[in-house]
Structure formats: structure tokens, C-alpha cells
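According to Swiss-Prot:
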COMPBIAS  107-116  compositional bias 'Acidic residues'
COMPBIAS  152-162  compositional bias 'Low complexity'
CARBOHYD  Asn560  N-linked glycosylation site
REGION    95-121  region 'Disordered'
REGION    149-172  region 'Disordered'
TRANSMEM  20-40  transmembrane segment
TRANSMEM  43-63  transmembrane segment
TRANSMEM  65-85  transmembrane segment
TRANSMEM  223-243  transmembrane segment
TRANSMEM  258-278  transmembrane segment
TRANSMEM  307-327  transmembrane segment
TRANSMEM  344-364  transmembrane segment
TRANSMEM  377-397  transmembrane segment
TRANSMEM  464-484  transmembrane segment
TRANSMEM  500-520  transmembrane segment
TRANSMEM  571-591  transmembrane segment
Amino acid sequence: MGDYKLAKEAFVSGNPGASIWSINAVSLVALATYALWIALSPYIRHGLLNNYLICVLPLLLGVTIFSTSPLVFASFLSIISLFFIAKSQKRFNFPRSPEKPKGQWLDESDSDEEPAEPASAAGSAAVSPAKLLPSQVAFASGSLLSTDPTISPMSPSSSSSSGHEDPLGIMGVNRRRSPLEGVSLDVPSHIDSKVRISPVPSLRLKKSRATKVQGVEEKGRLPFLTVYRAHMMLMTVICILAVDFEVFPRWQGKCEDFGTSLMDVGVGSFVFSLGLVSTKSLSPPPPPPTPTSPALNSHIIPLTPSPLSFILISLRKSVPVLVLGFIRLIMVKGSDYPEHVTEYGVHWNFFFTLALVPVLAVGVRPLTQWLRWSVLGVIISLLHQLCLTYYLQPIIFSFGRSGIFLANKEGFSSLPGYLSIFLIGLSIGDHVLRLSLPPRRERVVSETIEEHEQSHFERKKLDLIMELIGYSLGWWALLGGWIWAGGEVSRRLANAPYVFWVAAYNTTFLLGYLLLTHIIPSSISSQTSPSILVPRLLDAMNKNGLAVFLAANLLTGLVNVSMETMYAPAWLSMGVLMLYSLAVSCVGWVLKGRSIKI
């Protein structure tokens, strides 16, 4: 066992990495996989097996067998997607004869004369519903769509029964008969109180759709954001075990000192994603209300907690992740498990980083009164880079590990870099959060509430696309300039170019998922609800990311102590990886099915 441990540690050490563009090419498989799901979703059952075969298995194949030709594999998946998208357009967009709804404006071919007044109310019941003029439609809409029909200002019956007297007698017997009396108003039942009322005739009356705004799930969740985070989790889960097999290319494993690889960007992406969804919880608290009387200012009791109390609250929330870190530490040290010390240190692991980064973000939050999250992240990264260049870098690359700080020098020294990534993720999250905010309640006469929300969402989505394009170009330009000036990327140090690379990578692929949901043909999006745009398996992994990540770590350890992974043939390696990924998928699936969220 001792010889195998040394061989295994040598197996995962000394990796020079690969080019950034080859890593982007491998990651394109994730976008192609999501496009495949969108194309196939109208034709399949959304059970666990189909979710796994479409959402997980292509990713596994993309980072292992097809990692040497990722563009070919992504193109193959894209061709299948385009075929089914074209098929869906023919299936759902067949021509239909236009059907004129009842109670709408008259066409030019219809008569402009008012309907004849029936002799009696009894006779009117047998008459077929009459077509209405524009003024009559506006009158009917105002009376039927009122939230309280008993107080309609234009309804004679409501006035007589309202309890108010009519001293002038204008609402009594001598009133002018309404042209709508005796006419059967067959107004469609779908018009309800959600339609906005206007004192002027509406230009058009549209059916109020019962479905949610396309592209927005319940509780403001966004499909593209859910899929992005779930795919990031999936690729991390796959790689942490696949790296132990020969079928996983060495250049995709973590680099030793400097370099770029798929697993290097995956670590930073995990932190970036955590910041992306922490925007609400880390937004600056609103200022306490100030009394209108200046005399009361001296008696104000501050209701806003102090920064220290916020830090303690955040630390308390991080306790479960810290506990997981200590559990992993005990298991690794107690089982003589092969470990790569230069990743984080002797005792440090990634759970400690995940637990401490949000606490540090709360500590620097008061600075957001003057600086944006992204600017603050860049400043911290540049200051960290200065410390690395002139003091810390020689110490980190040395062999000395005496004392608790030197033993875990990689973990401690990389915290400012991961904090910068987290803050940049918060900045992008601010922009994404605006997409789920409801529109202002404005007076609209030509569209329903649902249509108004849909148009608002589309405008905000286009704004977000343009913002992400700008941020992506900016981060890539910053990274390119730094590398051109001679800088090198180092995950071990979490230096400034590594921060810029993680920001550029994640902003670009978040933009890719958003574009996929934006360019979906209307024929598919009309038949595919927002809940179907997010595969159930990916939604389950997104909701229970911590449980899925913990299960993946436990299963990875179980596989490594059960077999000599580095000597396994390709067919056995792929079989184990498929069973492993299916087992992890089942964990998230079962938790979601039982409505358990960890």
C-alpha cells in the first residue's frame, strides 16, 4: 500500500497543464449538452435515466474519451440538436386558420350598425351572442373586469343598489337605455381581474396567459443560471474521481506551480458560482429609519447590527462546511489516503476555503459604500499579487513546512485570491439579479400583466446579454495583457492572472447559457415550460449542491481504497465512472423527490 501511495502521488504531480483555448473547447461540450436537452425535451420522458443519458453522460465522455477532440464531439451533439429543433418547428408551427375571438373588435367586413334592441329579456336569451362595436367592448371590459362589479361607475344597476341616493333622478326610470341591455355578452372566460383597466378604449384585448413568464421559473429562479451552476457542479464531481484514472488526460489535472487546466479553473469556478448566488444575502443592509423630528435624533437606538455581528453570523452559517472540512481531514489522515500536499497544504482542504471566503466577504462589505464588488475584488487581487511577488511566492514554493502556517501555506496564502473571485461573482450576481426583479406597476392599456412582465423580462435579458459581453471582453483583455507582459497563471497561488482567468471563463460561459435560452425557437419555447428548460436532474443538483459534493467526495474515497485506479484499463475505468456519476445523480434525484434541501 505504501508503494502504491507514493506512485499515486507521483501520478498526479508535476502536471504542466494545457492551453486556455483547449480548456474552453472541452467546456463547450457542456453548452452542446444543454442544447441537446432543449432539442430533445419535447420528445422524451423526463425520468432519471433520460436525464442522466442526456445531461451527464455526454459530459463524462467529453472530459475523458473525447477530450482530445472536443470540438468534433461538441459539433456532433450540436448537429443532433439542430435536427430536432428543425423537426420541432415543423411539428408545432403548422398553419392554422385564424379564429376570431368573441367580444373583440369587428373586422372591416362586418357591419358597423348597432344591434337591434330586443323586445324582451326573455327573447334575448335565445338570440345568439351579438358582435360588439369598439365602444361596447370598452364598456363591457370596464364592467365585467372590475374587481368589484357592484361599484362600477357606469353600471346603472350598481348605482341603484349601492346604498347612495339619486336626488336628481338621473339614474332612475328616465335614464337613457344602454345599447348593451338585452344583448348577450359572451365574453371569453379567460379575461379576469388581472387585466389592467383603462378609462379609454383598449386598442386590443389579448388572452391572459396562465403560464409563467417564459424563461423565469418560480420564485424568480432563472433556468440559465440553474443549468450553469449544475454543470459546474457536474464537471467538478466527474473530475475529482476521473483524475485518478488513466483514461483522464494528465493535462486536465491540477497543475503543480504555474499553468492552466480544466481542474484548475473548476476550483475557481466553484467559488465564483458561490459568489454569484450570494448576492442577496451579502447586499448591504438598508440604513435605519431617521425620525422626522431632529429632537428625537439623540434618542435613536441603532437597529443595524455592527460589522462584527455580521461576521459572527456568517461564521455561524459556515460551521457545517467547516465540519465537513474537519471530517475530510480526519478521514484522509486516518486511512493513509494518497494526497497531493502542494494543492492546499498538510491539513487544509477546499472545504475550509469555501467556509472562510463568505466570512471574509462580509468583513470587507462596508467598503462597498465607496467601491463596487468587482472593483474591490480587483484591488484585493492586485494587492495580493504585490505581496506574492515581493514576499510570499518564494516562501510558498519552498520545501519548509514547520509550524501550522507553513504546513498549510498554500491554503492561507490563496485566500485573498479566492476572495477576489468571490467578490467578482457577487458583482455579476448583481446584474443577474435584476433580471428576476418584477417590473414597475405602470398603467398599460394594450397588454395584460403577463404580457407586460414578459416584455420587461425580454428587455432586461437583452441588457444582461450586452453587459455580460462587455464583462467577458474586459476580463479576457485583462488576462491577455497580463500574460503578454510575462505573467503566469497559478492556481496554487491564486494570483491575479488566475483571478482574471476564472472571471473571464465563467462570465463567458454564463453568457453562453443565457444565449441558448434566448435563441430557442419560439415553436419550442411555447411548448416547453420554464421548468422543462431546466432538467430535473440538474435542478436537483443545484438545490442540493453541498450534499451532492459531499457524496461525490465519499464515493471518490471509497473507489480509491477499493481498487488501484491508476492501473485500471479504459473499459473498467469508464464503467466505474459511469456507475459513480449515476450514483451521485441518484443522491440529488432522491433528495429532490423527497423535497429535502440540504
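A Cβ is built for glycine as well, from the same backbone N, Cα and C atoms used for every other residue.
Of the two recorded stretches, the transmembrane segment (500-520) does not lie close to the transmembrane segment (43-63), with fewer than three CB pairs under 8 Å once pairs fewer than 6 apart in sequence are set aside. Counting Cβ pairs under 8 Å that are 6 or more residues apart, the transmembrane segment (571-591) and the transmembrane segment (20-40) reach fewer than 3 and are not in contact. Sequence-distant neighbours of the transmembrane segment (65-85) (same chain, 6+ residues past either end, Cβ-Cβ under 8 Å): 22, 25-26, 28-29, 31-33, 35-36, 38-40, 43, 58, 247-249, 252, 521, 524, 570, 574.
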